[in-house]
Amino acid sequence: MAESIIHRLNADAEGFDAELDALLAWEAVSDAAVANAVESIVEAVKTRGDDAVLDYTRQFDGSTASSLSELELPTARLQQALDAIDSELKAALEHAAERIRQYHAHQKQESWSYAEADGTVLGQQIRPLDRAGLYVPGGKAAYPSSVLMNAIPAKVAGVPELIMVSPTPGGKLNEVVLAAAAIAGVDRFFAIGGAQAVAALAYGTETIPRVDKIVGPGNIYVATAKRQVFGQVGLDMIAGPSEILVVCDGKTDPDWIAMDLFSQAEHDEDAQSILISPDPAFLDAVEQSLERLLPTLERAAIAGVSLRERGALVQVADMDAAVELVNRIAPEHLELSVESPQALLPNIRHAGAIFMGRYTPEALGDYCAGPNHVLPTSGTSRFSSPLGVYDFQKRSSLIQCSAEASALGHTASVLARSESLTAHARSAELRWPRK
Ligand SMILES: NC(=O)c1ccc[n+]([C@@H]2O[C@H](COP(=O)([O-])OP(=O)(O)OC[C@H]3O[C@@H](n4cnc5c(N)ncnc54)[C@H](O)[C@@H]3O)[C@@H](O)[C@H]2O)c1
Ligand SMILES: N[C@H](CO)Cc1c[nH]c[nH+]1
Ligand SMILES: [Zn+2]
């Protein structure tokens, strides 16, 4: 019997929970061999700086550079790429960049303060990070869209210095990635990737400046390196392979849904595409579409493995059961391909991005709708949010007391003495003596 293109599950069948858990598990994150390899790379970059980054870039990306400075592309080179690309592509990048900028402008937080009756002023001061490190993946595919999604929120936040890294396998530069970096206003661009690039951004080397926070997705080596350098540097999140979860009432064209499932499956063999529907005949129709359309994909080999290993068509009793499953999976992308997505929305608790209605394919969000495509994966939308301007802003609390703030002084003194911290108490009492 031919192997089926995708798993078929029924949420009411015995053993469903275990089957679903097995599909959702993404074990690679805790792979010990990868963790050990990454630890050696991080340690080498920490101690040998540029030389180690160059050695690993030669080893993993086939670079022939003889110094790390050869792997830095001046901003004039980025502009040259922008000037030379096809005019339709340039217009599409600029259109996407503008929409991403407009959306993210709504996220910008401002400082605030308020005054109390005794003259005490309290507030919060918002400041951008000094320097951000942007990781743009480049191993199996190049991602100009990820350049925009990483850099534009940082720009909107007002970060003065953006350092971008992106690998160039075989030393072959991707001109569209460079052009996107020019549009987004990247300050320094290094053609390096993997754990060595993450370590270089975290610790700094002779050539690469240390950054305050590293953002952006990447493969298992990148994700593991980010995990290992956290604390030395801030992070946005640890992103895993791309995912899509579609909920459909059975009334959307099955070819549309099949292509939406492929759109994430084509990223990576580890990517995950799941469809949930109460209509078994519709699940059959989508399965047939998947079989018919798979051979027409450029990346059929990758998408085929992804669907076979981690994809699923899941039958549920009704839409309430579908929503319950959504919250359990907590997907990166959720498509609500139904007549009235607004009716389901109040009950959706966990999803990185929600695509509402039959005419909102997830692919638009990947490129140009406006919201960010760097999103929490592997169930982490339970506690994490999309990359945004807030990731590039920090908050400082502001406190200014007046000579009249004796009530505050008294409370501090009483609490400090209850903790036997008498210097704390006396610091308050010197200003506002106890009566
Ligand atoms: N969430 C998002 O927004 C988003 C966007 C785009 C891509 N992605 C995901 O990012 C990932 C990109 O992965 P990628 O591999 O294409 O590019 P990548 O840039 O993340 O990784 C390439 C690097 O991996 C390192 N590497 C490869 N094999 C190695 C080995 N054996 N030992 C040590 N290091 C090694 C190399 O240094 C290389 O430079 C995919 O999973 C894709 O789905 C996510
Ligand atoms: N779907 C990816 C995030 O999971 C982002 C992307 C970039 N290009 C195409 N898609
Ligand atoms: Zn995508």
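Note: Cβ is positioned from N, Cα and C throughout, glycine not excepted.
Note: TrEMBL annotation is automatic and uncurated.
As the structure is a computational prediction, the values presented were derived from the model and not from experiment.
Some features that TrEMBL has for this protein:
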- E332: active site, proton acceptor (ACT_SITE)
- H333: active site, proton acceptor (ACT_SITE)
- Y135, Q196, N219: NAD(+) binding site (BINDING)
- S242, Q264, H267, H333, D366, E419, H424: substrate binding site (BINDING)
- Q264, H267, D366, H424: Zn(2+) binding site (BINDING)
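For ligand 3, the recorded positions lying close by, meaning a CB under 6 A from one of its atoms, are D366; the full candidate list was Q196, E332, D366, E419.
In the three-state DSSP reading, Q196 (NAD(+) binding site) counts as helix.
A Cβ distance below 6 Å to any atom of ligand 2 is met, among the recorded positions Q196, S242, H333, by S242. Cβ environment of N219 (NAD(+) binding site): P137, G139, K140, G194, D268 lie under 8 Å away, each six or more residues apart in the same chain. Binding-site extent for NAD(+): residues Y135, Q196, N219, maximum pairwise Cα distance 13 Å (rounded to the nearest whole number). Annotated pair Q196 (NAD(+) binding site) and S242 (substrate binding site), C-alpha to C-alpha distance, rounded: 23 Å. According to its DSSP assignment, Y135 (NAD(+) binding site) is in a strand. The sparsest Cβ neighbourhood within 10 Å, among the listed recorded positions (H267, H333, H424), is found at H424. Taking E419 (substrate binding site) as the reference point, none of the recorded positions Y135, E332, H333 has a C-alpha atom within 10 Å of its C-alpha. The shortest Cα-Cα distance from H333 (active site, proton acceptor) to any of the binding-site residues (Y135, Q264, H267) is found for Q264. Across the residues the record lists as binding substrate (S242, Q264, H267, H333, D366, E419, H424), the two Cα atoms farthest apart are 57 Å from each other. H267 (substrate binding site) sits 17 Å from Y135 (NAD(+) binding site), taking the C-alpha atoms as the reference points.
Selection of the recorded positions Y135, N219, E332 by a Cβ distance under 6 Å from ligand 1 yields, in sequence order, N219. Neighbours of the NAD(+) site: apart from Y135, Q196, N219, residues of the same chain with C-beta atoms within 8 angstroms of the site's C-beta centroid are P137, V165, P167, G193, G194, A195, A197, V198, G218, Y221, V222, A225.
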